[in-house]
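Over in Swiss-Prot, the protein carries these features:
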type: BINDING; residues: 109-116, 191-195, 249-252; note: GTP binding site
Amino acid sequence: MFKTLTQNLTKIFDKLVSSGILTEAQIDAAMRDIRVALLESDVALPVIKDFIAEVKQKALGQEVIKSVSPGQMIIKIIHEEMINLLASSKSETKLNLNSKPPVNFLMVGLQGSGKTTASSKLALRLRNQNKKVLLVSLDTYRPAAQEQLAILANSVQINSLPIVQGEKPLDIVKRAIAEAKISAYDVVIYDTAGRTQIDKAMMEEALAIKKIVEPTETLLVIDSMTGQDAVVTASSFNEKLAISGLILSRIDGDSKGGAALSVKYITKKPIKFLSSGENLIDLEEFDAERLASRILDMGDIISFVEKAASIVDREEAEKTAAKLKKGKFDLNDYLQQMRSIKKMGGFGSILSMLPGSGKIMDQIDQSKLNSKIIEHQEAIILSMTPKERKNPDIINASRRKRIAVGAGTTVQKVNILLKQYKQISEIMKKVSKMNPKNLLRSGIGKLFS
């Protein structure tokens, strides 16, 4: 989401660091460049003014001008101020479950903001914390909206309130309250109707629902792709409904990122979650320090490790590790690794969490990061026989031609996959013979550069 902002800030930082001793004039110039970078990323003007003022005040201090590395000191100040801009207390960012069950959450937002998907993601997250969750759709206006929530709920074995055709939102709420008590649900998530724009009728209905439901959380889902409009939306909802927190959706999109840096500052309400993609596991707890590090191209290794841990099958990983110790790595293992990368959002998503990824992204062919490449490779491997996957060396020219036809691709693409497999196989075999303590010193990190 912050690709352009990250790249622009990285260029500014490179100038600062290479300058050595900094004058006040150079600091002023850097602040102007940062201001332009933030404006181009759709950050709200009041946010920019206060942010620049805070950074400049600290950057012009004698301890910075006289420090051994003034450029690095200013980057540190910017990092700290960005954390302050985004951060809320830990108690505020945590979901409020401190109420007698059933605990009610009210999801609000504009139509198309990703509210229904976010509701389902939140339900899955709570179910994985051993909570009994009921999903309730109150959107009786958008065609098939209730069915959409039911399908998403069913896909992850979460209960949704049965649909009664023609029922009004307030009547659905009353039925949900009764069902939650009878079936002893821990949490009920109400997915309210959205509109293409904010209107009086929408707000009045949401307010009436809120009075009946008495939610412990009223969560506004904001589409990160909407830029400056996100600030107007957040302000309006907060003014009318007194929201308790924010969920930023579509953070994996090609947006400028200004919404994330503005909505918390304007509403004074915490960002609780970041949502990406359609996969229901892709909901991450918001952490200001991690996001600030990602924006400033310092990487987010913690999120990388957490995401990997959540999608990797431990039993399969142990089997692969055991095979590697014996110097074995076949195309079944390669396919498993590709699928894990796909679940993590593809190569681009992984790279974005690594330090210095902004510069790397500039230097590589973006088409090579396309998740479709993984799907094509998957199709090629699945067109092979079990014997071929286990013994890739037997795949001769005629077999390659047959595999290409089966996968609907070219022999050249099959050759590329087999070449990549061979390279990775050689690396894996070398890694399996290494002492874990020597892995970092061996330059294994260069595989990602």
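Backbone N, Cα and C define each Cβ position, glycine as well.
For Gly109 (GTP binding site), applying a Cβ distance below 8 Å and a minimum sequence separation of six or more within one chain yields Lys115, Gly194, Leu220, Val221, Ile222, Asp223, Thr233, Phe237.
Highest Cβ count within 10 Å among the binding-site residues Lys115, Arg195: Lys115. For the recorded site, Lys115 (GTP binding site), the DSSP three-state label reads helix.
Between the listed binding-site residues, namely Gly112, Thr192, Ile251, the fewest other CB atoms within 10 angstroms of a CB are found at Gly112.
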